[in-house]
């Protein structure tokens, strides 16, 4: 048995959906532990491309229990839309469970999110406008609506009547927006409650029961380490904790049940929205990465900013999450390049810096120090074993593993499940501390 956390080692969009889908084959339970509809993941199965925002990737496996944990924030309309989409494709959602203590995104959250971002002007932070930040803010202020509140009609009416009256003052006085009709919102969300009710459980208890039966549990993070509220490029971050430690809080488990952490990173780097990005490319190579990598957001459709691989933030992600091994995705996107650059350190005001700075202002002043390596100029999308890769591609992977000080367990060479090289067992491999002690950081 192994309980594994899958996290993004960059700014999100690393390909966690595909990796989680692959690992879900050997999982009994998959738990999404944070975030909301601001995060999207894409899974390609045969000719079908599924884009999901809330439902865990493991939903494609009928024997895998899929749980939306208490650390998430749920937009019921979007969630039920995903359920309907899957059922129309003949994919059952009977094995989908929803934490009763997850918070609910309401219409006023979306309105406040969008109006607040617009009001920021040139100081915007790049929110998706889906109401995630305001939902988490209400959670912290202890005024939020939880899934279990939806299940209590009288309590919901009382709570929403008071809350909407308060939010209408904010909408009017602060943003100049028309008020919401409380009765309409109560009626709408009461309808959602009845459709969600069969899926609602005490998720912490459900996960504990699975653990006691020695089931394999996979914890699925959304977004990435550099978007973490506490450890990311603040203030250009999300409102939750995508890091591995967030899995315990967002799922309702103790840290001792986590056996392994798998970090997912692209073979280059992308970022959506605002914020510093030292290795960002603005010319032809940046455009090539964007087009070949289809770098457009699953949630918003926004064009992703593209740049070279940044080993400084990679090492930071390894440290913050305790990453045991890596899954490197989209290696094939680099196939046509004559040479590839990797950021190995930063120059800040003439001094070398090997570590990620906590200040966004300092990070914005970082100039990347690059190591240039040769490209391989041939297709890798057909490769299924390390031996099939061009030597330069294999050398590139080894270089990344050395810089990150963890082994590479999975290499993804395309969106399909079969476009994957399993280098070593990502679930049952040795712990990072042992690898570090032995000095073993190669990719093979």
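The backbone N, Cα and C atoms fix where each Cβ goes, and this holds for glycine too.
From a predicted model like this one, the values you see are computed outputs, not experimental measurements.
Record features (Swiss-Prot):
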ACT_SITE  13  active site, proton acceptor
ACT_SITE  41  active site, proton donor
BINDING   12-18, 40-42, 304, 330-332, 412-414  GTP binding site
BINDING   13, 14, 15, 16, 38, 39, 40, 41, 128, 142, 223, 238, 302  IMP binding site
BINDING   13, 40  Mg(2+) binding site
BINDING   298, 299, 300, 301, 302, 303, 304  substrate binding site
Quiz item: Minimum Cβ neighbour count within 10 Å among the binding-site residues 38, 42, 128, 223: which residue?
Solution: 42
Quiz item: Can you tell which of 41, 302, 303 has the most other C-beta atoms within 10 Å, given these are the recorded positions?
Solution: 41
Practice problem: Over all pairs in 13, 14, 15, 16, 38, 39, 40, 41, 128, 142, 223, 238, 302, the listed IMP binding residues, work out the largest Cα-Cα distance in Å. | Solution: 34
Quiz item: Rounded to the nearest angstrom, how far is the Cα of residue 38 (IMP binding site) from the Cα of residue 303 (substrate binding site)?
Solution: 15
Self-check item: Site of maximum Cβ density within 10 Å, from binding-site residues 12, 15, 40, 301
Solution: 12
Quiz item: Going by C-alpha positions, which of the recorded positions (13, 15, 40, 331) is nearest residue 304 (substrate binding site)?
Solution: 13
Quiz item: Which of the binding-site residues 12, 331, 413 has its Cα nearest to the Cα of the residue listed as 'active site, proton donor'?
Solution: 12
Exercise. Taking only the Cα atoms, work out how far residue 301 (substrate binding site) lies from residue 128 (IMP binding site), in Å, as a whole number.
Key: 10
Practice problem: Tell me the Cβ neighbour count for residue 331 (GTP binding site), meaning other Cβ atoms within 10 Å of its Cβ, over all protein chains shown. | Solution: 25
Quiz item: DSSP on residue 331 (GTP binding site), three-state: which is it?
Solution: helix
Exercise. Provide, as an integer number of angstrom, the distance between the C-alpha atoms of residue 223 (IMP binding site) and residue 331 (GTP binding site).
Key: 20
Quiz item: Closest of the recorded positions to residue 413 (GTP binding site), Cα to Cα, picking from 13, 40, 128?
Solution: 13
Self-check item: Lowest local Cβ density among 18, 304, which the record lists as binding-site residues, within 10 Å
Solution: 304
Self-check item: residue 38 (IMP binding site) versus residue 13 (active site, proton acceptor) - Cα distance in angstrom
Solution: 11
Quiz item: Looking only at Cβ atoms, how many others are within 10 Å of the one on the residue listed as 'active site, proton acceptor'?
Solution: 29
